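Novice: So TrEMBL lists these for the protein:
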type     : residues  : note
TRANSMEM : C:12-33   : transmembrane segment
TRANSMEM : C:53-75   : transmembrane segment
TRANSMEM : C:87-104  : transmembrane segment
TRANSMEM : C:110-128 : transmembrane segment
TRANSMEM : C:140-160 : transmembrane segment
TRANSMEM : C:204-221 : transmembrane segment
TRANSMEM : C:241-264 : transmembrane segment
TRANSMEM : C:276-295 : transmembrane segment
TRANSMEM : C:302-323 : transmembrane segment
TRANSMEM : C:329-348 : transmembrane segment
Amino acid sequence: MTDTAPAIELKGISKSFGPVQANKDIAMRVMPGTIHGIIGENGAGKSTLMSILYGFYKADRGEIFIGGKEARITDSQSAIAAGIGMVFQHFKLVQNFTVLENIILGAEDGPMLRPSLARARGVLKQLSDEYELSVDPDQLIENLSVGHQQRVEILKALYRQADILILDEPTGVLTPAEADHLFRILDNLRSEGKTIILITHKLREIMEITDTVSVMRRGQMTATVKTAETSPGELAELMVGRKVLLQVDKSPAKVGAPILQIENLRHVDSHGVERLRGVSLEVRAGEVLGIAGVAGNGQSELLEVLGGYADATGSVTVNGKPLPLTGTGADGAARRKTGIAHVPEDRQTEGLIMPYTAWENTVFGYHREPEFQSGMLMDNAKIREQAQDKMTRYDVRPPDPSLPAKAFSGGNQQKIVLAREIERDPDVLLIGQPTRGVDIGAIEFIHKEIIRLRDTGKAILLVSVELDEIFALSDRIAVMFDGQVMGERMPNETDQTELGLLMAGVTERPGGDPIKAVDAALEQKEQREASQHD
Amino acid sequence: MTLITKFLGASAALALTAGAALADPALVYDLGGKFDKSFNEAAYNGAEAWAAETGGSYRDIELQSEAQREQALRRFAEAGFNPVVTTGFSMSSPIASVAPDYPDTKFVTIDGFVDPEEHPNVLSILFSEHEGSYLVGMMAAMASETGTVSFVGGMDVPLIRKFACGYAQGAKAANPDIEVISNMTGTTPAAWNDPVKGSELASAQISQGSDVIFAAAGGTGIGVLQTAADQDILSIGVDSNQNALHPGQVLTSMLKRVDVAVQDAMTAGADLETGVTVLGLAENGVDYAMDENNADLVSEDMVAALDAAREQIVSGEVTVHDYSSDDSCPALSF
Amino acid sequence: MDKMPAWADAVLVPLISILLAAILSALVILAIGENPVEAFNLMVEGALMRSAGWGYTLYYTTNFIFTGLCAAVAFHAKMFNIGGEGQAMIGGLGVALVCLFIPFPHWTVALLVAIVAAGAFGALWALIPAYLQAKRGSHIVITTIMFNFIASAVLNYVLVNLLRPQGAMDPATARFPEATQLPTFQDMFATADNPLFRGSPANVTFFLAVLACVAFWFLMWRTRLGYEIRAFGHSESAVKYAGISPVRITIVAMLISGGLAGMMALNTTMGEAERLVMNATEGAGFIGIAVALMGRSHPVGIFLAALLFGFLYQGGAELALWTNIPRELITVIQALVILFTGALDNMVRMPLERLFVALGRKDA
């Protein structure tokens, strides 16, 4: 024991949801003025633990000490009172309120808003200066970039005088530049004596910023180590309990004729904002074209247009045959008939019907195929049978077709989608975020399947916000920013820095401060979107 | 078959628990409900008068749904109630389908008509509303200073047009130059219970110059009488004596002695004579109300004129045209 | 996440809800000085212990099955069809038109044609709100409510001005010809020595309603269309991804829903009144929503819930006949059951869920 008490100490925290033990006998100590990382696979219990700390759940057993004193945290109010602030993965901001209004929301000084706003304005200015947390206090949230919205969340916590800040997967939605900025903010906070808990599944971030790191696996804290004394390989091993290959073994691509050709594709969303601004791409047989980019730069819309459920202008051909981009024939069912299979970015809201059983999900989108019919009815017996077969071959666990999709872990859900789409033997496979929220064991399996498919001569269009994944799988990389392709690179001829700049809309390596160039590009994008938004 | 035996047994048991003494009468109110200050309430008053006079007891039901019409008739008949008295023309169709199943029970339909040839155990009681309306129409024309009188009907059905037509004939008989305005509240049963709409119609008629309004509109009439009183003109009530609602401001009420009809039917009991009865001025089935509330409003001239007209109608010297006889009215166009 | 067992969700929750409603109703009855036990006995005896009581209970049940299925189809597509009432009214108009104007040789033919007419008229009445929802995003709750009023006005106009026989007071059509009158349970089951279902309105449409339950099950869980409707109800974005047109599903689901509501009119119009009256639906369209909620949008649940509400309606009529409980309070009691089983479902479910979780932990 040192003289200073730990900022947070957890002792024997356990929490079960029925038969599932989400947290088991967790012990953790975080010293003040440090950044502590918590890393673990999806479903390892990180979020549950933080929810307990923030008062959303009540632990079945165990004690929480804040600054050496036992704290009884029953709801988020008592967590705030204990000096804990939380920045969620999905921000809890009121879109049509200003920054200032959001910051005082729930922490007003009295029934009248004016004095609260005035006080908040002062505090905000001081905090902004102190921690590089600059945001325009009078701007509406909906006009802010994701990175700025995140700053508002941090400011909200600091305004409530949080000494302990929990950030849940904070970089998932950020550009590399924005992420760098965030880390500088965190660094400043640390040097001011704040304690930070960073939850992430990105090993790189842990290595970059944290002082200590805890690894969670299956509800248990398997190890707590000093960051300086560990390596990414060791952490990964601790996470999954065995050594994993972060590299994908693949032979050089045997590229054939162009299969999917995209010319000058344009798409306007329901608010009138142009989301695709003249995209032209080509995917050839036997190659993986990786689309890198920060979420929200048109990749999702590209997949939606190709998948047949968003209207567009321009031209798309498959094997030389043009596809209708609006009206009849521009729907998912027609696309499947032309040989396009699609693993969507969000399996929970698109790829799967979560309450449906696994067997029902294995034909979703193909349920009108004659082979699944028997007269006027669906041939449920046959569908179950083929589902069982797919689940066995794709190693879906548990291999029980009658469980609802929501009962499977992220990786196993993704395997169900993948099995469904790959097994139809498509010419083109669209894959969005194949391993988002997927544990490392399943990532390996999914990556291998994608390469196997490539090697059978399919044209694969891969969209991912994970640069590591883009590098690991792609034979060519196209970078998207603000609805346009900023450039194409071969993976062995580029690096993360160059791609990072492209992703932020900077096509040439700037001479001066790269951050300034990035900010300028982002600002331009935001202005365009705001001006088109109706 | 044991299940069925059980049903039958239980049904017998129910008859006992329900405690229906043989030959108690029953009363079925129309959907408007017991206390509508008008038609149904008149029936209720008649039943209460019977109970007070004879010390007997009766059972009644306020209907909630269409399907209950037949059900109530059947259940009362099965339980031995006799006669089963019903109010409102909507009951005539259910009675026609139920009556043959219970030949020993007497059914009474007030305001409804059931063919006496086909259904020997049904008494249809009809009122000559046109005759009573004729008298209050005369009184209205004599009381009017503006030369315009008016009529607010409830639901637009032939029965209510019969009121309006008699009223217009009487008014024209007393003053050939009189103008008669007529409005109906609506075309659904809801029109019987819409005092707000009644008030609006009354206001509209007042603005057209009417200074005596006859409301034959069930609960809707409450709104008519209220507005007339508020705007300081005269009104005429209907069915029950409504003079007391706004003393000194209700000229009179066209009485339709539903209470008497109910009381008579209950008094006759199981020996009730069936067939069709029409109650007019001659039978005191319709009348106009005089009491201390309107004594100051009705002059002796009026009373004399009305008495003379009554005699002429009873004697057959004057015939008041009945709208429902040929769906037309000589004195008023709808 | 942990949940309570399925049987508890399906059986225990509604049972406790009914119990709570019963307790509150008993308090209401006590408060006006009547005996709740006696009242309950009266209801049971009047509704379930006599064949004629069953005849009424099943008559109401038939209505509620149709309107319950109507609401359930829409629920599966995540739509709130409040327009069952209006769709049933217009369905009734369809029934009346074919019964009055086509000379049928036998009731079986009449029934078949009337099913088509009732379904088509009801579906048509649901089509416009469905189209507005699918194409224009007008909320189906608002439009179907408005369409109830419009249906009522249309029916009123047609009955008063077009179909009312000369000289009649009622806003109702003439009685249907003999050949279109459906056999009642009395016609089917009563014998000379055993006058079963005497005078009660339950008729052959009850079997049609049961058939509709079976068909509903097949449609929802065995056909592509049902698969798509349910998928649409769970996730509109997934349905778009899969190439299923949300517009098509919205419209088709509402057509089926409206058609089922329309078929309710067969029971009230062809089966019971044998003419079309203004007030033929009597709120069954709204009760259907509670029935579907309580029955978890599953045909077995809907059948049982419809039976419960049928019992409540018939029992309520018995209370009105033999007690001095005013009809307004009988309505209050019926409303309490609707409130507890339909609207306040979660009030019971959540504590129960917590209880099961707690018990489960103790076991573990």
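Any Cβ shown, glycine's included, is placed from N, Cα and C.
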Novice: Are the transmembrane segment (C:12-33) and the transmembrane segment (C:110-128) close enough to be called in contact, which here means at least 3 C-beta pairs under 8 A that are separated by 6 or more residues?
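Specialist: No, the transmembrane segment (C:12-33) does not contact the transmembrane segment (C:110-128).
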Novice: Can you tell me which of C:87-104, C:140-160, C:204-221, C:241-264 gets the most C-beta pairs within less than 8 Å of the transmembrane segment (C:276-295)?
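Specialist: It is C:87-104, which has the most Cβ pairs under 8 Å.
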Novice: Can you tell me which recorded stretch out of C:53-75, C:87-104, C:110-128, C:204-221, C:329-348 has the most Cβ pairs within less than 8 Å of the transmembrane segment (C:241-264)?
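Specialist: Ranking C:53-75, C:87-104, C:110-128, C:204-221, C:329-348 by Cβ pairs under 8 Å to the transmembrane segment (C:241-264) puts C:110-128 first.
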Novice: Are there residues at least 6 beyond the ends of the transmembrane segment (C:87-104) whose Cβ is under 8 Å from a Cβ of it, and what are they?
Specialist: 66-67, 70, 81, 110, 113-114, 117-126, 147-148, 151-152, 154-155, 158, 163, 173-174, 176-177, 179-180, 257-258, 261-266, 268-270, 275-276, 280-281, 284-285
Novice: If we skip the immediate neighbours and take only residues 6+ beyond the ends of the transmembrane segment (C:53-75), which ones have a Cβ under 8 Å from one of its Cβ atoms?
Specialist: 45-47, 81, 84, 87-88, 140, 184-186, 197-203, 205-206, 208-210, 212-213, 216, 220, 229, 233, 253-254, 256-258, 260-261, 263-264, 267-268, 271-272, 284-285, 287-289, 291-293, 295, 297-299, 302-303, 305-307, 309-311, 313-314, 317-318
Novice: Determine which residues of the chain contact the transmembrane segment (C:204-221) at the Cβ level, with the cut-off under 8 Å and only residues 6 or more beyond its ends counted.
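Specialist: Hits for the transmembrane segment (C:204-221): 58-59, 61-62, 65-66, 69, 72-73, 76, 111, 115, 182-185, 188, 229-230, 256, 260, 263, 266-267, 270-271, 298-300, 302-303, 306.
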